[in-house]
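Enquirer: Before anything else, here's the structure in question.
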Amino acid sequence: MVVLDSVSTLRESIQKWRKAGLTIGFVPTMGNLHAGHLSLVKQARQKSDKVIVSIFVNPLQFGPDEDYDRYPRTFEADKALLQQHNADAVFCPSVDEMYPNGQAQTRVIAPEKMTSILEGAKRPGHFDGVTTVVAKLFNMVQPDIAILGQKDFQQFAVLQQMVEDLALSVELIRAPIVRDETGLALSSRNQYLTEIQRSVAPKLFVALQSIEMAIRSGNKNYSSLCQIATQQVLSDGFDAVDYIQVLNASSLEEPQQGDQALVIVAAAKLGQTRLLDNVLVSL
């Protein structure tokens, strides 16, 4: 596995692989890798000849009061895991390498109808930071496929829209959420949880499953289902619920009669830690 920290060395490797007619799979991450990330690497390995993983904690997607400075950076451990999982290259640029013009650089602005809701409502500017860095990474890596996790559901939908709108020649693949034995969705931020909070955390998924079962039983009063689930999560010990909603899985809009693919999305806080989760429902 090669470690690349500049755009020029990245492009040299890619050029060699392209000349040999090899396909490239790409997994963009912010590091602090866990089994969820590694499942993406495994899928990329199965679907492509060469696998590149990027590790870059992107300052553009963090707000002023968010956890950019304390976001876990575990590069040596990450590198060892990627080697074990047969990645071919890890791209780990500095902030200056990614953004030589600093804050003055060109931005990619995501569609407001998809970014003014859910995470976007809580984190203004977050998705413009995501689309900017991912568009730039796609341009640098030029992958055939990119594997992204389902846990950040809104992010996947926004990036899929970006790929379509900008006619980028990459296929996005959404990989299922990886959960621990309690049902908690794996996340780099789970390590912030205390032992007591960790025992409460899986109850968010339980609440989403109860909505799913009700929908499958024919209940279409989504607003009422989400209100009941919100009260349940709060009584289970969560400190706040930012949202629990049922949406069209493609457009992220309110479900319409006849929609076949729905997603139940949620964000809730335990102490200072925000947990995201979602459940897909195919009707």
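Keep in mind that glycine also has a Cβ here, set from the backbone N, Cα and C atoms.
Swiss-Prot lists these features:
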type	residues	note
BINDING	30-37, 149-152, VAL178, 186-189	ATP binding site
ACT_SITE	HIS37	active site, proton donor
BINDING	GLN61	beta-alanine binding site
BINDING	GLN61, GLN155	(R)-pantoate binding site
Enquirer: Going by C-alpha positions, which of the recorded positions (HIS37, GLN61, GLN155) is nearest VAL178 (ATP binding site)?
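Expert: Comparing Cα positions, the closest of these recorded positions turns out to be HIS37.
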Enquirer: Name, in the order they occur in the sequence, the residues of the same chain whose CB lies under 8 A from the CB of GLN155 ((R)-pantoate binding site) and which sit 6 or more residues away.
Expert: GLU119, PHE127, VAL130, LEU148
Enquirer: How many other Cβ atoms sit within 10 Å of the Cβ of SER188 (ATP binding site)?
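Expert: I get 17 for this one.
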Enquirer: Given the binding-site residues MET30, LEU33, VAL178, and counting only Cβ atoms in the protein chains shown, which has the most within 10 Å of its Cβ?
Expert: LEU33
Enquirer: Sort the recorded positions MET30, LEU33, GLY36, HIS37, SER188 by C-alpha distance from GLN61 (beta-alanine binding site) and give me just the closest.
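Expert: The smallest Cα gap between GLN61 (beta-alanine binding site) and any of the recorded positions is with MET30.
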